[in-house]
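Sharing a structure here in structure tokens format.
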Amino acid sequence: MRKKFVAGNWKMHGSLAVNLGLLHALREGAADLPAQVAVCVPYPYLAQARSVLNGSAVAWGAQDVSEHAQGAYTGEVSGAMLQDFGCRYAIVGHSERRSFYGDTDVVVAAKYEAAQAVGLTPILCIGETLAEREQGVTAQVVTRQLEAVLDRCGVASLAQAVVAYEPVWAIGTGKTATPAQAQEVHALIRARVARNSAAVADGLQILYGGSVKPGNAKELFSRPDIDGGLIGGAALVASDFLAICAAG
Ligand code: PEP
């Protein structure tokens, strides 16, 4: 039986003052929830997340990681540096990284590998654009994105990873995939993993992301292959995020 997992992606939001209230509310509010909970914060706030969340039920992580271990890569942050700040997770392949910063499938797979090399759990984001959905190629797109990681790191690596299906057209737009639309793609992702290993597929947490709110979380999370959510905008409001976590 897979545990539900709800992870917040703060994106480029926050300040020391604003985060403080949010982190303390999560620390208190998530104490007795059945779901696993995490927040992925901007790099400068990792120390603050560690200081407030340490010893709580809420894990923390980053929103990206370099594919390189160290060296002359100005502006990059390595997996080992994230480990220094107690991170458990690193998001890789978020659609904003893919579309604004040129993260290709190959780069995303390298980042996934780099995260795992230092013991971080990658949250691998995959998902189609609106144009791709309208062209009827959703299955091919998510399969291609998943196979980039399978080819590089092997199916066993997914036993130490989380996949987030995030249709690009639903991220930050207020448009949510229907539970049936999301379930269909989640089932397809699990079936593709099962072709390589039924056991890994069975244990894999596959999150849905894209305008999840307190009002739609329960219905989404009740589908058999939806194991929780990756939450953007609603993760910035403690009461909303905790309500979503409670739906898990
Ligand atoms: C995200 O950033 O991963 C996301 C799902 O954002 P939102 O919930 O705001 O659509």
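Cβ from N, Cα, C; glycine included.
Keep in mind it's a predicted model, so treat the numbers as computed, not measured.
The substrate binding site feature in TrEMBL is assigned to ASN9, TRP10, LYS11, GLY172, SER211, GLY232, GLY233. Look at TrEMBL and you will find HIS94 tagged as active site, electrophile. Annotation source TrEMBL lists active site, proton acceptor at GLU166.
For each feature listed, report its degree of burial, its nearest neighbours and the pertinent distances within the displayed model.
Residues within less than 8 Å, Cβ to Cβ, of GLY233 (substrate binding site) and separated from it by at least 6 positions along the same chain comprise GLY172, SER211.
Cβ neighbour count for HIS94 (active site, electrophile) (all protein chains, 10 Å cutoff from its Cβ): 28.
In this structure, GLU166 (active site, proton acceptor) belongs to neither helix nor strand by DSSP; it is coil.
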To test your reading of the substrate site: which residues beyond ASN9, TRP10, LYS11, GLY172, SER211, GLY232, GLY233, same chain only, put their Cβ within 8 Å of the Cβ centroid of those residues?
ILE171, ILE231, ALA234, ALA235, LEU236
Quick one: Cα separation, LYS11 (substrate binding site) versus HIS94 (active site, electrophile), in Å?
10
Using CB under 6 Å from any atom of ligand 1, narrow the binding-site residues ASN9, TRP10, GLY172 to the ones that qualify.
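Correct list: ASN9, GLY172.
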Note down the number of other Cβ atoms within 10 Å of the Cβ of ASN9 (substrate binding site), including every protein chain shown.
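ASN9 (substrate binding site) is surrounded by 26 other Cβ atoms within 10 Å.
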Drop a 10 Å sphere on every Cβ of the binding-site residues GLY172, GLY232 and tell me which sphere holds the fewest other Cβ atoms.
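Among the binding-site residues GLY172, GLY232, the lowest count of other Cβ atoms within 10 Å belongs to GLY172.
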